[in-house]
C-alpha cells in the first residue's frame, strides 16, 4: 500500500455510503477511487485499483462482497450488520488461505475489520467501562434513544453490560449490592447480572450513560451520538488501520491506541 | 405570633429532631424554647409558650401529637411519615373546630403543615416537572438511590410521575411515543403511563432526574440530596410560614413563592 | 378570530420561515394562508385575510412589518432579532392607538408577541431558574455551544443569570459564597454577581445548565437545543395565544401556563 | 512479604490516617500492626515489623518519614502532599542505594508509591481522559467544588487538562476550535491550551467533568467525590501493590490494571 490509500466504497448511494465517500474525499492521505452502487459487483474492473474497500451495503450481500474483495487483494472495512459466527468463520478461513499465498509471494497479509459501531465516543465509552468495572462495587447502564426504536435495551448497552459483567467476574466481584424487595419492574433489564435501563424520549438520538459507584464516589461515562456524521472519524480511522492488521478484527476498539 | 417565633421540637433526640433544634437555633427570627423527647407529652407545661412545634417523632404518635398541639393553641409542622386520608381528615376536622372558636375569640387560625419531603430541591423539581409536563411530547423519570433502599421506585419519583401524568391528561396529551416491541423489562415501571426507572448505586444518597423531550430539544430537571442537612432550609421555611396558613396544608410546595 | 386561525408567514423563504410554514400546515386549528418573501410588502392584498402573521425576516425590516400588520388589523408574532427599547416603544404606542379605535368599534384588541427565544425548553429553564433562585445559597450558569459561536456567554445565559440575580436581590440574598483567592480566570464571567461559564465543543448545538446549591443538596436545570425544529412548538403556541393577549408581550414565557 | 501484609499507619490520629486504620483493619489480607501519631518517629521499634507503611502526615515531615522507612526496610505508600522534583529525586536516589544492597543480599527491592489522589473515580477519569484525548476535535474540563475552596481550578483539573494537552500534541492535534471574539472571561482558564472552568457551589464536595466533542458526538467522563471515605479503596489497592513495584511510583494510575 502506498502512502496515499486508494479507497472504494460499496453501497455508495446509501446514506452511510454517501457520507463515507465525502469523508474519504475530505481526509488527508485517502483517495476515493471507486463508488459501487447496487448492481456493481466488486472485482478488478470496478474496484479501480483500490487498496481498501468500505462496505456499507445490506446484510444479504455483505459477506459475498468481502469474499470478492479478498479475491481481488483488497483490504475490507465493514459497517454492514448481520454478521454471525458462521459468516465470520468463513471469512477467517478465506483470510488464512489468501494470506498464506500472499506470504509465499512475499506480500503483506490482507485485513478485514468488521465494526458494529464506528462511533468513537460509543466505542471508547464501552472500552473504558470494561476497564473501570473491576474497581467499583456497583455498576448500572442507562441508554437513551429516540422513541421510534423498537428494541430495548440497545445492542450497545447490552454489549457494555456484558463487558462489565465479564470484568467483574474476572476480578472476583459478585453482583452489585441491591436490597430491592418490591418494585423490580423499575430496576431495569438484567444483562448478565448488570441492570440496564432504556429511556425513550422524543428529541434524542442515541446516548449511553454508564454509572459506577463506591462508598463516597461515583464515575459516570456518558456518550452522545447526535448524528450519523459522528461515525466518519471512526470509518476513516478504520480505513487507515486495516492495512496494518492482517486477518479478521471485530470491533473498532482494536485499532484505537489506548496504551 | 410575635416577630420572634418560639419553636418547640418534638422528637428532639432523634436524628432529624436534633438537626431541627440546631437549625432553629441558627435561624434569624426563630427561638428554640423546648425540646421534647420520647416520654414528653406535648402540653402547656412542656411546650414552654411555643408558637410553632415541629414533629419529627414516629408514625405511632405523630397524629396524637398534632391533636395535642392544636389543643394547646400551637401551630404544627410535621415531618413524620405514616399519615393517610383518615388521619389527615381527623386533623382537618379538629382544625375546623378549634379555628372557629379562635375566630369567635378574635384570634387567628391555627395551621398544620404536613410535608412528606422538606428538601427544597426535591420539592422544586417535582413542582417544575408538573408545570413543564404539558409542553413536551415525551416524559420519563429516573431516580437514583443508595443500594440499601428496599422499595422501587422511590415515593418521590412516584409522586413526580403521577403529577406529570395528571398534567399531561389535563392538557389533552396521550401517552409518550414509544415504539418498543421487545425488551419491555428495560423500560421501567409504568406509573400512570409515565415510565420510571430506579438505579441503585453505592455512593449515592437520593437523586431524581426528570427528562422531557420534543423534536430537537430536551429539558432535564435533576435533584440531588447528598445529606439530611439539606432538609433544614425547608423545615425553617415551614416554621416561618405555617402561622400564616390556617388549616391543613400538605406539601412544602404550597408555602413556596413560585409566582 | 374564528376557531380556525389563518396564518401568514413573513420571511417564508428563510430557514425559520420555511419551518414555520411547515409547522403551521401541520398544526391542528391553524391554516397557512400566505407566504411572503423578500419583496412582498405586508398589506391587505398580500396577507390574504390572515388573523396572525409570523415575522422571521431581518432586523432592518421587522419593525416596519409590525406597523404594517397593525395597520392591516393582523396580530403579530415576531422571532426576528434586533428590537430595542425605542422600537418596542413605537409598537406599544401604535398598539395603543389602534386598539383604542378597535375598542370604539367593538372589536377586540390586537396583540404583538416578540420572543427572543421560541425554544420551550430554553424558556422553561430560564423561568424555573428565576423561581428557584431565592431558595438556594449558591447559583451558577454553564452554557455550552458549538465552537463557531463568536460571543460568550450566550444571550440566553446572560438573561438567565440576570433573572437569577434579580430574584436573589428581591429575596435579600447576598452573593453566592466563594472563597476563591487565586485563579479567578477559571471562575467564569460575572453577570450581575452570578458566575457564567461558556463551553465551546464541536458536536454541540445550544445547551444551558443552571446549578443551584444548598448545604447537602443540588438542583440542576438543563436544557438542550439540538435542532432548529425545536422552536416550532413555541411558534405554534405563540400563534395560538397572541390573539387573546392585546398589547405588546415580550417573551414566550408570558403565554405559558405555569400556574 | 508474607501473604498477610502487615501495615503501619503514620499520622494515624489525623482524619485520613484514622480512616486508613479502619480500612486496613477491614481489608482481607491486611493486618494493622502499628499506629504512629505526632511524636512517634518511624523506626524498627515503632513500626512493629510492618511490611508497608502508609504516610498521611504533614508536608514538613513526610520526606523524612519515607527515608526512615527505607532505612527500616519498609515499603511506603504516601498520601501527604508537598512533594516536588527535589524531594522525589532524593527518594529515588535512596531507593537506588538501598535496593542495590538488597539485591546483593538476595532481597526484593523496596517500593515507594506517592499518590496525589487516592480516589479511584478521579484517577480513572484522568486516565481515560488522557487516552480519549487524541480522538476528539474539542476538549474542555469543568471542575465543581464546595465554595470554601481557595484555589481555582483544582489541581486534579489542571493535571487532567495538562494530560489532555500532551495527548493532543502527541497526536498532532492543534487547539480545539473556538471562534470566540468577545467574552473571553466566560471561557475559563487556559491550561496548556485546554479550557478549564471552575464552579463553586454549596452542597458539592469535589467533582470533575471532562467533555470531548466531534462532529455529531460527545463523550463525557464525570467523576464525583462525595466523601473522604472514597479514598480508602485506592489506599488499600496501593498497600497491596507497592510491594511488587520496586522503586518510586508517582500516581495511583500506575498500579491500576487497565490493559
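Any Cβ shown, glycine's included, is placed from N, Cα and C.
Noted in TrEMBL for the protein shown:
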type     : residues                                                                         : note
DOMAIN   : A:5-93                                                                           : domain 'Dihydrodipicolinate reductase N-terminal'
BINDING  : A:11, A:12, A:13, A:14, A:15, A:16, A:79, A:80, A:81, A:115, A:116, A:117, A:118 : NAD(+) binding site
BINDING  : A:38                                                                             : NADP(+) binding site
DOMAIN   : A:122-256                                                                        : domain 'Dihydrodipicolinate reductase C-terminal'
ACT_SITE : A:145                                                                            : active site, proton donor/acceptor
BINDING  : A:146, A:155, A:156                                                              : (S)-2,3,4,5-tetrahydrodipicolinate binding site
ACT_SITE : A:149                                                                            : active site, proton donor
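Reported as a whole number, the C-alpha separation between residue A:149 (active site, proton donor) and residue A:13 (NAD(+) binding site) equals 24 Å.
Pairwise Cα distances among A:11, A:12, A:13, A:14, A:15, A:16, A:79, A:80, A:81, A:115, A:116, A:117, A:118, the recorded NAD(+)-binding residues, top out at 20 Å. Under a cutoff of 8 A between CB atoms, and with a sequence separation of 6+ in the same chain, the neighbours of residue A:155 ((S)-2,3,4,5-tetrahydrodipicolinate binding site) are A:116. A simple Cβ count within 10 Å picks out one of the recorded positions A:15, A:38, A:145, A:146, A:149 as the most packed, and that one is A:145. In sequence order, A:117, A:122, A:126, A:143, A:206, A:208 constitute the residues six or more apart from residue A:156 ((S)-2,3,4,5-tetrahydrodipicolinate binding site) in its chain with CB-CB distances below 8 Å.
Within 10 Å of residue A:13 (NAD(+) binding site), as judged by C-alpha distances, the recorded positions found are A:38; the full candidate list was A:38, A:145, A:146. Restricting the average to the domain 'Dihydrodipicolinate reductase N-terminal' (A:5-93) gives a pLDDT of 96.
Residue A:15 (NAD(+) binding site) sits 13 Å from residue A:38 (NADP(+) binding site), taking the Cα positions as reference. Each of the binding-site residues A:11, A:79, A:116 was scored by other CB atoms within 10 A of its CB, and the lowest score goes to A:116. Spatially, by CA atoms, the recorded positions A:38, A:145, A:146 include one closest to residue A:11 (NAD(+) binding site), and that is A:38. Taking the binding-site residues A:13, A:81 in turn and counting surrounding C-beta atoms within 10 angstroms, the largest count is reached at A:13. The (S)-2,3,4,5-tetrahydrodipicolinate site is set by A:146, A:155, A:156; from the centre of their CB atoms, other residues of the chain with a CB within 8 Å are A:143, A:145, A:149, A:153, A:154, A:157, A:206, A:208. As a summary of secondary structure, the domain 'Dihydrodipicolinate reductase C-terminal' (A:122-256) carries 52 helix, 42 strand, 41 coil according to DSSP. As a summary of secondary structure, the domain 'Dihydrodipicolinate reductase N-terminal' (A:5-93) carries 38 helix, 21 strand, 30 coil according to DSSP.
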